[in-house]
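The structure under discussion appears below in the form of C-alpha cells.
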There are 2 protein chains.
Amino acid sequence: MALVNENYLKLPGSYLFSEIARRVNQFKKDNPAADIIRLGIGDVTQPLSPAVVEAMKNAVEEMGRQETFRGYGPEQGYEFLIEKIIENDFKPLKVELSVDEVFISDGAKSDTANFQELFGINNKLAVSDPVYPVYVDSNVMSGRTGTINTTGQFENIVYLPCIEENGMKPPLPGTKVDMIYLCFPNNPTGMTLSKEELKKWVDYARENRSVILFDAAYEAYIQEEGVPHSIFEIEGAREVAVEFRSFSKTAGFTGTRCAYTIVPKEVKVYDSNGKAYSLNNLWLRRQTTKFNGVSYPVQAAAAAVFSKEGKKQVKQLVKYYMENAGIIRAGLQSAGYKVFGGINAPYIWLKTPNNMKSWDFFDKLMQEANVVGTPGAGFGASGEGYFRLTAFGTRENTERAVERIKNRM
Amino acid sequence: MALVNENYLKLPGSYLFSEIARRVNQFKKDNPAADIIRLGIGDVTQPLSPAVVEAMKNAVEEMGRQETFRGYGPEQGYEFLIEKIIENDFKPLKVELSVDEVFISDGAKSDTANFQELFGINNKLAVSDPVYPVYVDSNVMSGRTGTINTTGQFENIVYLPCIEENGMKPPLPGTKVDMIYLCFPNNPTGMTLSKEELKKWVDYARENRSVILFDAAYEAYIQEEGVPHSIFEIEGAREVAVEFRSFSKTAGFTGTRCAYTIVPKEVKVYDSNGKAYSLNNLWLRRQTTKFNGVSYPVQAAAAAVFSKEGKKQVKQLVKYYMENAGIIRAGLQSAGYKVFGGINAPYIWLKTPNNMKSWDFFDKLMQEANVVGTPGAGFGASGEGYFRLTAFGTRENTERAVERIKNRM
C-alpha cells in the first residue's frame, strides 16, 4: 500500500493567495460592476525591456538553425550568463565569486523551496515573522517543523517577530538555530537591515555553525546608501551564507522565469560525527540529479539584462515601480496611516487603523475602495494588524488606488 | 550546528555521465586529432521546427508589449497548452482527462525526480534494472532506499532485471512493493510492453494499492501497432498510475525545457490509518508551493507542436531519428551484434561481444572507432555486458559511426 508523506498533511488547508482569490471572486460575483484594482500579489505589470526581447528572439532563432541549435545545457546554467552576473552584480560590491559558485535556475521560489533538502531533518530553523510562506511550507513538507499549533505556528520553528516596536528587524534567536531564513529588502515589510545589523547575523551563524539562507530577490530596489545589496558584503559571510536572487522583480521576469543562487565553497554542513560537507557540492549534486537547466532563450534573455542598453532599460523599470512606491507611501501617510517599507523595496507595509484585524481590513478595502491587497496575518502571527500593498501596479492604477483609499476609507 | 541530509552521502560518488565525460576528455587530451562521434547522451541534434520557432518568437514579442505582457502564470501551466495536450495526445487514444489532471513543468527529469516527495519514506519501491538513474537517486536523497551494497544496489529497492532471457521485460516483483517506476518505450533498452503485459502491472498495482510512476517520454517513437502510447489506455490505470511526458525528445525541446505529468484524480495514497489522499491534490500543493510555472514563451512554443504545421514538422523529426535507429540496428546486426530496441524507441541496446564488460567495450569503442556510447552497467547491475547507442545524432555522424563500428572493431 502506497503511503502518503504525512508531513504534507500538516500544512494548513488554504494557501494565502488562494484565499485572497476566493474572496475576490466572491466579491466580483456579488458586485459585477466593481472596478477592482489589484495591489496584492507581487507580480509585475511592465513589459520585458526591448534589449531583453531582442536577445530572446535571437536565441529562439538560433534554436531553429542546425548550426546554432542547443540541446541540454549545463544543469547549473551557461557560463555566458554566470560570468555577466559575477561581473555586474557582485564585482561592483567587491564580492569575488567563481563561476562554479553561481547556479542558474527557473526561479527563486524553486530554489528557496528546494534548498532545504540538503539539510538533515533534525535541524532547527528560524524565520522572520511575518515571512514569505514558501520557506515555512517547504520545511513542513520535509518533516523539519513538527505540527502546527492553534496560533498557526509550527512547534520546531523559531519565529522572530518583526513588529513596529523593533523597527521590523528580527531579533537574534534565544535558542540555538541551525538554518536561518532572512529576506532583505524584506517581503512583506519592505524594510532593510544595515551592514552592522546584518553582521550580527553572520557572527551568530559563524559562532553556532548555522547557515543563513539569504533571499535578496529585491536588492535592485535599494535606493539608499549603506544598505547591503548582498550578504557577501559582510565579512565572514562566505563561510555561512547562501544567497538567492532573481530576475523576476529586477527585470520583469515573473512570467519568463530565471533566477540564480550563490553557494560559496566555504559554506559547510555537518554529519553527526561533526565531519564537514560543502553545500556547494551538495547543491550541484541536487541540481544535476533533479533539474535539467533553464531554457536557453531564457538564459540569453537574462544575459541581455546586463548589456549596456539592458542595464539602462531595467533601471527604468525599477524607477517606475519605486515611483509607485513613493506615491503609495505618501498617499497613505497623508491619509493618516502608519507605513513601513516602500523606500528600498517595492512593498508598503501599513498598520491597520484602530488595530483592525488584517482580514477585516482586506474586506473593508475591497468593499469600500475596490482595492485588493494582502492581509499581514497571511504572512504569520506577527503580521496580524498589518497589511501589504505592492508597487508593481501600473502608474494609473496605483494613483487611482491611492485616491480611493484617501477618499473612500 | 547545521546538519547535512545524510541520505545524500549514500549516493555513489560519480554520476554516469560525468564519468563518461571524464574518460572522453582524457582520450581527447591523449589523442587531440581523433574525430569523436558521440552517440552517448540522449540529446537531440536537430533544430526546433519552424512552427515552434515562430510561435515562440511571437510570444516573446507579446512579453515586450504592455497590453499583451504576462507575469506569473498558473503554476500548473496555461490552459491553452493543457487543452491541446488532452486533445492531441490523449483523445485519439480514447483517454479522457480533465484540465486539472495535467501539470506542465520544465522537464520530465524534474517531475520524475520530485514526484517521490509525495510518498512516505517507508514505501518500498521497485525499478527496472537497467534503469534511468534519476528514479533511484531521487529516492536515495529522500531516505527511502537504505544504503548501497557492494554490487551497487540499494537495500530497500526491489530491482527487476530486464535481460536477454526475459526479452527485457521486467518480471512482477516477488515481494510487495508500493511505488513502481516503469519506463516504456524503455530508456536504456529501447524495448516496449504490449497492452497485455502492461495490464499485468496495472492489475498488480490495483491489487496491492501501489502506484505506478510511468515514464512515457519516448512514446512518440512508437512505430508498431498494439504498443500502448499511454498507460491510461489500460483499464483501471486511472486508479493507480501517474504518467510523465516530455517535449524534449518529441519536438527537440532538450534545451527549451517543457514537459507534463498526468495525475488522475482517482490515484490515491494512504496514511497509516488507511485513510486515502488524492495524489492530484498533493502534487498541486507541491507545485504551487515549490514551483512557479514554465516560461510563457516556452509554453507557447510547446502549444505550436500541436498546430497543423507543427504536427507535420515534429513528425519529420521523429522520422529522421527513427531512420537513424534503423541504420544503427541494421549496421550492428550485419556486423554480428545482438541488438535490442531501435524499433519503437530511439535507443539501441546491444549485447557486448564475448561478454565483454560494458566499460571495457566503452573504452574499446572510443579507442578503435572513436565512437562514444553509454555503458550498460551505468544503468544498473543487469546492464553489465550491454551498451547503449542513441539515434539522436545527425544522419552523417550516425552513418559514419556505423561504418567505423563495422570496419574498425
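Here, residue 1 is simply the first one shown, and the rest follow in order.
Using the three backbone atoms N, Cα and C, a Cβ is placed for every residue, glycine included.
Among the candidates A:Y72, A:Y78, A:Y320, A:Y321, the residue that TrEMBL names alongside A:A108, A:K109, A:Y132, A:N187, A:Y218, A:S246, A:F247, A:S248, A:R257, A:N292 for the pyridoxal 5'-phosphate site is A:Y72. For A:K109 (substrate binding site), the spatially nearest entry among the recorded positions A:Y72, A:S248, A:K249 is A:S248, judged by CA separation.
Sequence-distant contacts (6 or more apart, same chain, Cβ under 8 Å) of A:G42 (substrate binding site) comprise A:N187, A:K249, A:P346, A:Y347, A:T390, A:F392. Per the record's binding annotation for pyridoxal 5'-phosphate, residues A:Y72, A:A108, A:K109, A:Y132, A:N187, A:Y218, A:S246, A:F247, A:S248, A:R257, A:N292 show a top Cα-Cα distance of 34 Å. Taking A:Y15, A:Y132, A:N292, A:R388 as the binding-site residues under consideration, the smallest Cα distance to A:S248 (pyridoxal 5'-phosphate binding site) is found for A:Y132.
Applying an under-8 Å Cβ distance to chain B, the recorded positions A:Y72, A:K109, A:Y132, A:N187, A:K249, A:N292 reduce to A:Y72, A:K109, A:N292.
The two recorded residues, A:Y132 (substrate binding site) and A:S246 (pyridoxal 5'-phosphate binding site), show a Cα separation of 15 Å. Within 10 Å of A:Y72 (pyridoxal 5'-phosphate binding site), counting C-alpha to C-alpha distances, fall the following of the binding-site residues A:Y15, A:N292, A:R388: A:N292. Local packing around the Cβ, expressed as the count of other Cβ atoms within 10 angstroms, is greatest for A:Y132 among the binding-site residues A:Y15, A:Y72, A:Y132. Counting in whole angstrom, A:N292 (substrate binding site) lies 18 from A:S246 (pyridoxal 5'-phosphate binding site) by their C-alpha atoms. Considering only the residues assigned to substrate binding, A:Y15, A:G42, A:K109, A:Y132, A:N187, A:N292, A:R388, the longest pairwise Cα distance works out to 35 Å.
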